[in-house]
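Below is one structure, written out as structure tokens; comments come after it.
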Amino acid sequence: MKIYAVGGAIRDALLGLPVRDRDYVVVGATPEQMAAQRFRPVGKDFPVFLHPDTHEEYALARTERKTAAGYHGFQFYYAPDVTLEQDLVRRDLTINAMAREVSPDGALVGPVVDPFGGQADLRAKLFRHVGDAFVEDPVRILRVARFAARFAEFAVAPDTAALMRAMVDAGEVDALVPERVWQELARGLMEAKPSRMFAVLRECGALARILPEIDALFGVPQRADYHPEVDTGVHVMMVIDHAAKQGYSLPVRFAALTHDLGKATTPADVLPRHIGHEGRSVDLLKPLCERLRVPNECRDLALVVAREHGNLHRVMEMGAAALVRLLERADALRKPARFAEALQASEADARGRLGLETKPYPQAERLRQALVAARAVDAGAIAQGLAGEPAKIRDAVHRARVRAVAQAVGVAD
């Protein structure tokens, strides 16, 4: 029995990056031998075990064969006679198909096992598929796109790009389960350059199949005085990259991605203006979130940002009453943390524009001041003072908030 560290751990070590997680392959062993060494079985489709002390995952070397469309249509074979190279050949990219032997004390020993040229592709900054079996798993398209968001200087090798397009044309992407699509998109959004993920998906045609709402934004013009980059799709990519650069959370990045969906449905005769696109964005966003089973935290923030981002940009023109109405519509008084994230997404929208990346955004501070003032109003005390007139409480609290905001930010009520 031999144990090898494989995949991302070897890749990242060669790139001089921190190794976050290690995956292990065990060659020449049976499930019974693993159990005898106190490894705990956890795999459903094929034998995966947890180390008794470190709880890291160890998988028996295996081969796989495509039996049906989609992500789940595979048949696995594992036995002591499966070699390391047979296990590595089923992996997606050459840069992920390298290994090093692990000694009994856990140290990496010996040379890098690199049967498919992964080290050369690392030096050339190329994503290249290992073999023809790449086409058998549509998730690999999403993984390549996600890796592009992480390693933004890498390019997809031409032959790999051709295979990805062929997979899309064959309908393989349509068989992906929504949860897996969301999982890969979410992970890509959290990488350093998420726009690269969408560029790769768009180039192979997959974006139009899994996120047609985003694909439709490319080529849609905007007013150049507001958007020097003009193209709505380009703008959205700049927005998500700005959000990533700031280290914003996944809900903020998803809201940044989806805030302008309605611009794709603007009638041609009114372009490049987009009057009312906020409401159309909400109408498109709801079914998108349902289709991909987007988590509630991401969906709820995205809906607030899609509906209100235009108003958030205009707060310097608002009086106190309009500011309070905006805070109430956004449920900022009850959910101030979510509203803070809405301001982050709005700021990313304002700065995700060509030449305006560092433009001041005083709107955020104005709204933070307004929210502090509005939340300081003692609604309970007002309610007690109107104990016999409950119908008047809501309006009285609202008026008190307007007065507080007017005083705090120095605007008329």
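Note: Cβ is positioned from N, Cα and C throughout, glycine not excepted.
According to Swiss-Prot, the CTP binding site annotation covers Gly8, Arg11, Arg91, Arg143, Arg146. In the shown protein chains, 22 other C-beta atoms lie within 10 A of the C-beta of Arg91 (CTP binding site).
Look at Swiss-Prot and you will find Gly8, Arg11, Arg91, Arg143, Arg146 tagged as ATP binding site. Spatially close to Arg146 (CTP binding site) yet at least six residues away along the chain are Glu184, Arg187, Gly188, Glu191, Met197, judged by Cβ distances under 8 angstroms.
Asp21 (Mg(2+) binding site) falls within neither a helix nor a strand when secondary structure is assigned with DSSP, and so counts as coil. Residues or ranges marked as Mg(2+) binding site by Swiss-Prot on the basis of sequence analysis: Asp21, Asp23.
Taken from Swiss-Prot, the feature domain 'HD' applies to 232-333, supported by sequence analysis. Looking only at the domain 'HD' (232-333), the predicted model's pLDDT averages out at 97.
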Checklist line | Integer Cα-Cα distance in angstrom, Asp23 (Mg(2+) binding site) to Arg11 (CTP binding site) | finding: 12
Check: What is the one among the binding-site residues Asp21, Asp23 whose Cβ has the most other Cβ atoms less than or equal to 10 Å away?
Finding: Asp23
Checklist line | Sorted by sequence, non-Gly8, Arg11, Arg91, Arg143, Arg146 residues with Cβ within 8 Å of centre, ATP | finding: Gly7, Asp92, Leu93, Ile95, Asn96, Phe147
Check: Considering the binding-site residues Gly8, Arg11, Arg143, which residue's Cβ sits among the greatest number of other Cβ atoms within 10 Å?
Finding: Arg11
Checklist line | Cα separation, Asp21 (Mg(2+) binding site) to Arg91 (CTP binding site) (Å, whole number) | finding: 17
Notebook entry, point to check: Taking Gly8, Arg11, Arg91, Arg143, Arg146 as the record's ATP-binding set, what's the max Cα pairwise distance in Å, rounded to a whole number?
Noted result: 16
